[in-house]
């Protein structure tokens, strides 16, 4: 197929076909300037925002929770993808010439798949954690060590999935330019290439979103559709509201990811249906737009955290306190709110099955941090996102529920 826009260095599914020596995809300067400004916004916002998210969590002891460790992994993957791939993708799509050599050609085809896999499965892990915390609150939670092991396994699987595309990546020198492409093994009807691309799309988009959708649907029904007992205390209502805020924030994160990446996946599946589309000159603008939307997903999460979570908002205000239009706020609250451990007796209503479990509680907080004080063996440590530590002693009386702000 001649005159195909060479997408072979793009994130993943490539059209590994013959490319012409001429370059028909030449844009006017004003278009390049506009696209450059749009992509610059992504890189700056994503890298700065995600680095601040990582700092907020790792620099504050009480923010080191199971959920937040997965958010660190998500932020790391997105910051790296924005820093190492967005600009290169843009320059190659605009000029249709590969300037970066063989090694970076392999890395450029390899790393984004791994980063995208790590991102979506970090969201899946958070959804599973929310599901277990709210639907099965008496089940043991992941420890800090187990959480790190899960993150390590996610990256190992991500690297294995991305390996074939990096391995078969190569550069090809033409009389007028160099292109980065993927030379898949010869096979009738490009079977290996099609199988790999479909497998990748399912594993890093459709499958995890299906799992996440199921988890949050069940959690949403539990938190919003079930009635709260009329005699529940104000503290208990606050606790349920806190759970809802966490779930709502993560649903926004996942929906943003799904919307941003859908056009990109569709774009790379279309050639298997109608290959002639890649012969059209307008396809370059379609690609730049779909890639911008996909890459922009890396910059939205820090904004979502800042808008929907009080602690992250405090952290961002402190990080940007040098800006004259930003008030630093009560920065001590980032630590203080999660360090209060009050002994109280609390009623826990299991709304999913309309059962009430009455327990003695020592210290209610968002999640038990990595190195936080441990509850006594006879206590049930309930958190504002529904998490719990077992070894409980059931009581026959209830009292107010003390809930902290969310992490």
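Note that Cβ sites are derived from N, Cα and C of the backbone, with glycine treated the same way.
Per Swiss-Prot, the feature topological domain 'Extracellular' maps to 1-31 (among others).
Look at Swiss-Prot and you will find 14 (among others) tagged as N-linked glycosylation site, backed by sequence analysis.
Residues annotated as N-linked glycosylation site in Swiss-Prot: 18 (among others).
The transmembrane segment annotation in Swiss-Prot covers 32-54 (among others) and rests on sequence analysis.
Per Swiss-Prot, topological domain 'Cytoplasmic' is recorded for 55-64 (among others), and the stated evidence type is sequence analysis.
Under the heading transmembrane segment, Swiss-Prot lists 65-86 (among others).
The topological domain 'Extracellular' annotation in Swiss-Prot covers 87-106 (among others).
Classification of residue 105 (disulfide bond) by DSSP places it within a helix. What Swiss-Prot lists as disulfide bond is 105-180.
The transmembrane segment feature in Swiss-Prot is assigned to 107-128 (among others). For the transmembrane segment (107-128), the residues of the chain that approach it from at least six positions outside its boundaries are 8-12, 14, 67, 70-71, 73-74, 76-78, 80-81, 84-85, 88-89, 100, 150-151, 154-155, 157-159, 161-163, 165-166, 169, 180, 182, 200, 203-205, 208-209, 211-212, 215-216, 250, 253-254, 257, 261, judged by C-beta separation under 8 angstroms.
As a summary of secondary structure, the topological domain 'Cytoplasmic' (129-148) carries 12 helix, 0 strand, 8 coil according to DSSP. For 129-148 (among others), the entry in Swiss-Prot reads topological domain 'Cytoplasmic'.
The feature transmembrane segment is assigned by Swiss-Prot to 149-169 (among others).
Over the topological domain 'Extracellular' (170-194), the average per-residue pLDDT in this prediction is 87. Feature annotation from Swiss-Prot assigns topological domain 'Extracellular' to 170-194 (among others); the stated evidence is sequence analysis.
What Swiss-Prot records for 195-219 (among others) is transmembrane segment. For the transmembrane segment (195-219), the residues of the chain that approach it from at least six positions outside its boundaries are 12-13, 113, 116-117, 120-121, 123-124, 127-128, 130-131, 134-135, 161, 164-165, 184, 247, 250-251, 254, 258, 261-262, 265, 268-269, 272, judged by C-beta separation under 8 angstroms.
As annotated by Swiss-Prot, topological domain 'Cytoplasmic' applies to 220-248 (among others).
Sequence annotations record features per position, and here Swiss-Prot assigns transmembrane segment to 249-270 (among others) based on sequence analysis.
The annotation topological domain 'Extracellular' is assigned in Swiss-Prot to 271-283 (among others) on the grounds of sequence analysis.
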### Query
How many neighbouring Cβ atoms, not counting its own, are there within 10 Å of the Cβ of residue 322 (S-palmitoyl cysteine)?
7
### Task
May I ask you to report the DSSP-based helix, strand or coil state of residue 322 (S-palmitoyl cysteine)?
coil
### Task
Count, for each of 32-54, 65-86, 249-270, the Cβ pairs lying under 8 Å from the transmembrane segment (284-308), and report the range with the highest count.
249-270
### Message
In whole Å, how far does the CA atom of residue 180 (disulfide bond) lie from that of residue 322 (S-palmitoyl cysteine)?
### Response
43
### Query
When a 10 Å sphere is centred on the Cβ of residue 180 (disulfide bond), how many other Cβ atoms does it contain?
27
### Query
C-alpha of residue 322 (S-palmitoyl cysteine) to C-alpha of residue 105 (disulfide bond): distance in Å?
40
